[in-house]
Amino acid sequence: METIAPPPEFDPWVQYFTLIAPDGSNLTFNMEEINQYRMYTARVSISHGTQIGASFLLLLVLLLLTRAEKRKSAIFIVNALCLVTNGTRVTLLSCFVTSSWWHPYSQLVGDYSRVISQDAGTMVAYNTFAIVVTTLVMLSLSLQVWVVCITTVPVQRFFIMGATTLMALVAIGYKFAFVVLSNKQSLAHQSFDPYANVALVSYITQAASIWMYSCVFTYKLGHAILQRRKLKMPQFGPMQIVFIMGCQTLIIPAIFTCLHFQNAVPELGAQVLTVTCIFLPLSAIWAGVVNETIVVTRGPDGHHRLIQSEFYRSEPDSTAGSNASSSAAEKSRQMSMCTCATRCKGGESAVTSPRKSTLGDEDDDVEIRREFGFAVRGSERV
């Protein structure tokens with residue numbers, strides 16, 4: 001075979017090649033584009049795999065550590081559904097990289113005419129789960145804001161809930177439009193590029209809604225903590241922990257939301273829902289150390305009591321046992337002090353032996369709470 005000597009400046013690693021489009025036209029690509037396609041596929045697959053593992057692992061922790069009587073609460077049900085549907089959503093999305101949608105020719109040329117109906121159905125199911133997860137996220141956020149605002153005056157509570165709910169409905173509406181158009185384009189085996197603006201507005205409104213809910217949630221808890229500090233109340237408890245983790249859940253998903261619009265790391269935008277899914281349940285696991293019977297009341301301690309009653313276990317018997325044990329230990333201490341004083345008066349030396357006070361153990365409580373974020377584009381290149 002006759003060989004042709006390449007020119008001196010020829011670099012085989014970035015050489016160009018030609019593909020023929022369905023209409024017969026020639027399209028030129030180079031090896032660097034193939035390499036970027038390979039790297040992006042690996043990064044997206046890793047991202048999807050970690051989200052699947054995190055969602056179902058946290059769901060398992062939730063089911064194992066939440067007491068049976070608290071599994072009937074609205075917050076537990078909503079957040080458990082969030083984890084289940086989010087895990088299913090990401091599982092369907094991970095099938096994208098092994099489907100005919102991700103064929104190199106389809107991705108390079110933009111021809112999806114050979115996408116099989118099974119893969120198109122998988123994409124429709126993924127888009128549908130995306131709107132379901134978004135709705136559950138907004139519902140979970142609404143429940144949390146309602147909990148922290150229930151001790152405020154009715155007028156203030158009405159405006160807070162009205163503004164946040166309106167923003168959530170706008171976000172859900174744009175997400176619904178995005179899902180409908182994405183499913184339409186997927187079934188027609190066409191690109192979503194003509195409707196890219198709808199996807200962009202959907203992401204923006206969803207991020208704004210999450211920011212609004214998180215700001216209200218953290219502000220109300222922070223204000224209640226400052227009130228407790230002024231009244232010399234306990235400085236560290238479940239309310240402080242939820243406040244700290246609420247700030248964390250506000251900042252980290254916001255960072256991922258910003259990263260979604262950066263071309264350098266486009267796959268990180270798909271993790272916003274999952275990241276938020278796992279952070280607030282962790283805060284509830286950490287904060288579930290108080291087991292008291294709580295009554296919702298107005299006043300500087302109202303938020304503290306309400307947080308405990310909504311998100312944590314209540315064990316009156318255990319608390320009563322602990323209080324009784326503490327009373328017994330206190331009585332023993334007082335009797336020992338009296339005996340010591342009597343002996344000293346009589347000229348005798350008194351030696352007190354160390355005593356061990358037995359206190360009732362407190363169980364940790366777990367409550368999965370909220371998630372928020374947004375999904376990867378439907379029929380666009382993920």
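Cβ coordinates are placed from backbone N, Cα and C, and glycine is handled just like the others.
The region 'Disordered' annotation in TrEMBL covers 345-364. Per TrEMBL, transmembrane segment is recorded for 46-65, 77-103, 123-146, 158-180, 200-221, 241-262, 268-289.
Taking every recorded stretch in 46-65, 77-103, 158-180, 200-221 and counting its Cβ pairs under 8 Å to the transmembrane segment (123-146), the highest total belongs to 77-103. Packing against the transmembrane segment (158-180) from elsewhere in the chain are residues 127-128, 130-131, 134-135, 138, 141-142, 145-146, 149, 152, 195, 198-199, 201-202, 205-206, 208-209, 212-213, 216, 374, 378: each is 6 or more residues past its ends and has a CB under 8 Å from a CB in it.
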